[in-house]
């Protein structure tokens, strides 16, 4: 029901006024016929109902559009009880006078000419107050229903806003990965060109394939795990061209990869980190071990690699300079909240990563 508020009262709009007039018209007709049908004295019944009904309506509207909104719904229970009691006392007094006026004006003090029902004060008051109680019940039910609808809307609105914020953050994190990967790969290409290596053309080709995947094929909420692994192996091939025989790399895959989906660019930052901090042309021994186990509902990734003397892998991550590791942990928390376990161990000469990931429904990047 639509209404407008003026000076503390809530007034009905035009449409609601028509509905209320129809309602009171039906009530007036019902009580007029009910009180007058016993001896066909409809004149006395008409006047009695015409006097009682405005009092009943005024009581109901004072309750519904003044006392309930201003006191009951504001949890001012004592004030509500006090004013409600006063209104009911005044209403009873006015209804008693309405009965007396009916006897004087219509029945000419001939009480026997009035219907028995119209002389039963208790019956009259209960009959009129039944309308009041019904109206109050409808008002309170409507308020409860609207509150429930509003709460549901607020919850839905809050969830949608939270989802939009997460999606925006995911897009930002994902956008940061692309230039980060390109920068690292160009560094490798730059090193090869300085050395005038014959592998430089092959690096350019693999780099173009890598960028095609990063910029276009991975621009989806989820990708096939097979495609993601193929992309990672392409990246490893680029790095192996740079270090040639100075790197000992072991890659092991167990389980069925086909048909499994994963959010793109989640595993690559860990592989990048291995090369960034664990492989160097100056180092005597460099090694990387990668083990990937996949079953129907989970992925287990284990990585351990040598660590260049003096390199602190945890420092960039903690200080905020390690874009790759920062992003992957944030994306894991957003995409696979409560569906993953990530453990990182930074030792003196070795770095370990353990990732457990459930293939449950994850938040989609859009």
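Indices start at 1 and increase along the chain as displayed.
In case you wondered, yes, glycine gets a Cβ from its N, Cα and C as well.
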Feature transmembrane segment in TrEMBL, mapped to one of the ranges 79-109, 172-202: 79-109
Of 46-67, 222-243, the range TrEMBL labels transmembrane segment: 46-67
